[in-house]
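The structure appears right after this line, and notes come after that.
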Amino acid sequence: MSESRRNFLRAFGAMTVGAAVAAPAAAAPAAAALPSSAAPAAAGTTAPSPRWAMVVDVGKCIGCQSCTMSCIYENAVPEDSFRTIVSTYEVQEGGRTAMVMLPRLCNHCADAPCIPVCPVGATYQQADGIVVVDADRCVGCAYCVQACPYDARFINHHTGKADKCTFCAHRVEAGLMPACVETCVGGARIFGDLADPDSTVSKLVAKGDSKVLKPELGTRPHVFYLGLDDRLTGKVEGEPTLWRPRATESHA
Amino acid sequence: MTILEVVNVSRDVAWLPWAVQYFFLVGLSVACFFMSLRGLLRGAARERGFARDALIGALACGLVAPVALLADLHQPGRFWHFYAYPNLGSWMAWGAFFIPAYVGGLLVYAWAVLRGDLAAAGQGDGVLARLQRLVALGGAPAPRLARLAAGWTVVFGLLILLYTGMEVMVVRARPLWDTPILPLQFAATAVTGAAGLVLIVARLRGDATPAADAAAARWMAGGLLATVLLGLVWLGLGLTGVAETHARALASVAGHRAWQLTAAWAALATVLPLALLWGRPAGWGWIVGLLGLHAAWMFRWTVFIGGQTVPKTGAGLYVYQLPLGHDGLLGIAGSLGLWVFVFVLLTTLLPPSPPAPVRPALVPAE
C-alpha cells in the first residue's frame, strides 16, 4: 500500500464509512485504515514485519514548520525542544540566492549508534525498525544524546528522560500517519513500509537518487532525502543562525 | 557557495558540569591512589608522608566522585537500573560496576594501611580518640590484607581509567571525543591534577616536607610532560591527516576563535607549571598545586562542555552559559563543598603524621 497522504486519505474515507456500521462490524473497516503490512497482524495472522521509513522531498518543502508544530502538539514536546524541525538555509551561488529546507528528525537507523551505548537497554529498535526509548527504564544519562550523530535526541526537561522522534509509533499502530506527515503542506514527507515493494517509499528509494545524512558513518538511516545537495548531508559549514534562544535565557 | 543558516535547532548541553566534576574527581582519586602505593606498601619512611597525603586525596575524591556522577543523571533515583538491567555492550554500564569495586577496594586498602596510625592517634580519652580506636580495631598491621586490597584496587583503578576514557572515545558523533589518544590524555592530566592535589593537601594539613614536595613535583612533571607529548601527537596527527579521526577532530574546532584561545590557554596551563617546577620560587607548592588542579579540571571542562557546544549538524558553535543553579555553578560549588566536608572528616580522623624519623612503617621494608 502506498502511504502518501492521498492514499492515506482514501483509506481514511473507508474507515469513516466503516464507523457508521454496527459496532460488531467495526473492526473490519478500522483495519482498512491500517498500513497494509500492519493490517494482517491486527487480524491475528502472521505477516512479515514492516520496516517503516520516510522519504523527504526537499524540493517540496516550503519551510512552514507545520511538521514541527504538529509534532510538538502530538507528542507534548516541551518548550525549546524539538523532535523534528526544518533547518532552513539561505544559499548563495553564482549570483543567485535560494532558500533550502532540510527537515530533520530521528533517522531510525538500522545500525543506530544510540542503542549500544545505552547502559540499561532503554533504547531499542522495534521489529518494524522504529527506534524507541523505554521511558520506564531510562535513567536520563544522556549517553544516547551524545551518540546520535544527527542531534536528533535530547533530554526532556519535563520528564528527565531521553526523548526523540518515534515516527509517531502510537499513531502508526493505530493505522494513522505520523503527525508531521499528515500536516505537511507541500506533501514533502512520505511515510511507508520499505519492506513492501509496492509502497511509495520503496519505489522512491528504489530509483536510487535518494540520499541519507552522514552516510560515511555507516548508520544506515531510514530517512531518505530527494533533491538534497551533498553539501548539506553532513555538518553544514555555513554562517550560524542568529536565532539562539539559549543565549538569552537559562533553564536553571 | 555561501550558506547562511537561518533556522536550526540549538541543543542543550546534556552532560552537565556534574559530569566534569565526576571525571575530574575520579581521575584524581585513581592517580592519587597509585601515588600512595610505594610509600604505604613498601614502607620507606621518608615517602610515607607523601603517600598518606596522596591516600587522603584519593579517599576524598573517590567518595565524592560517585555523588557527582549520580547528580549528572536526570533520573538519579533510578541508579539501580544500572544493576537491574545492565547492557554490557555499553562502557557506561561497566562503569557502574567498576566504581563501587574501586571505591570499596580503596576503603579497605586505606583501612589496612592506616589502622596503625588511627590507633596511635586514638590514645586519649575524648570522643574522637574513642572513635579512632574503634575504627582502628586494635591497630595491628595487616600487610596481607593491604596487599590484597591494593592489588584489587590497582585492577579496578586501571579499569576506571580505561572505562572513563573509552566511554567518551567511542562517541563517533563527536569528532573531538572520537580520538584514540583521549583516554591517555585523561590519564596524564589526572596525574598532573593529583600531584597538584597532594601538594595542596600537604599544605592544608601542615605536613609538607621537602621529600614529599619533591615526590609530588616528580609526578607532576611526568604528568605534564606526558600531556605535552600527547598534545603534540594529537596535533601532529590532525595537521598531517595521517589519522582521519584526529583530522576530523581538529577540523571541528580549528576555525573558531574561541577554540584557538582555548588551545593557547591549555598550552600556557601546561608550560607555566613546568617552568615553576623547574625554578621552584618561594611559595611554588601552592601555585603549582593549584595550577595542576586547574590543568586537570580545565581539560575535562573543555572536552565535555566545550565538546558539546560543537553542533553535529548545524553551523558555528552552540552558545553555552553556565547556569547558576544545581545544573551549573551550584553543582560545581556543591561538589567542592562535599569534598571539603569529606576532607575535614578524614583529616580529623587522621591527624598529620609525626616527623618522618620516628614514623614506623606498617609493613616492613622488603
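Placed from the backbone N, Cα and C atoms, the Cβ positions cover glycine too.
Small disclaimer: the values here were computed from a predicted structure and weren't measured.
Quick look at what TrEMBL lists:
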type: TRANSMEM; residues: B:20-41; note: transmembrane segment
type: TRANSMEM; residues: B:53-71; note: transmembrane segment
type: TRANSMEM; residues: B:91-114; note: transmembrane segment
type: TRANSMEM; residues: B:145-164; note: transmembrane segment
type: TRANSMEM; residues: B:184-204; note: transmembrane segment
type: TRANSMEM; residues: B:216-237; note: transmembrane segment
type: TRANSMEM; residues: B:257-277; note: transmembrane segment
type: TRANSMEM; residues: B:284-308; note: transmembrane segment
type: TRANSMEM; residues: B:328-350; note: transmembrane segment
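Counting C-beta pairs under 8 angstroms (sequence separation of 6 or more), the transmembrane segment (B:184-204) reaches the transmembrane segment (B:284-308) with 3 or more such pairs. Within its own chain, the transmembrane segment (B:145-164) is flanked in space by residues 23, 26-27, 30, 33-34, 37, 40-41, 91-92, 94-95, 98-99, 101-102, 105-106, 108-109, 112-113, 183, 186-187, 190, 362-363, which lie at least six positions past its ends and keep a Cβ under 8 Å from the stretch. With a threshold of 8 Å between CB atoms, the same-chain residues lying at least 6 positions outside the transmembrane segment (B:284-308) that come near it are 11, 13-15, 17, 19-20, 23-24, 27-28, 168, 174, 176-177, 182, 185-186, 189-190, 192-200, 202-203, 208, 213, 216-217, 220, 223-224, 227, 253, 259, 262, 265-266, 269-270, 272-273, 276-277, 318, 320.
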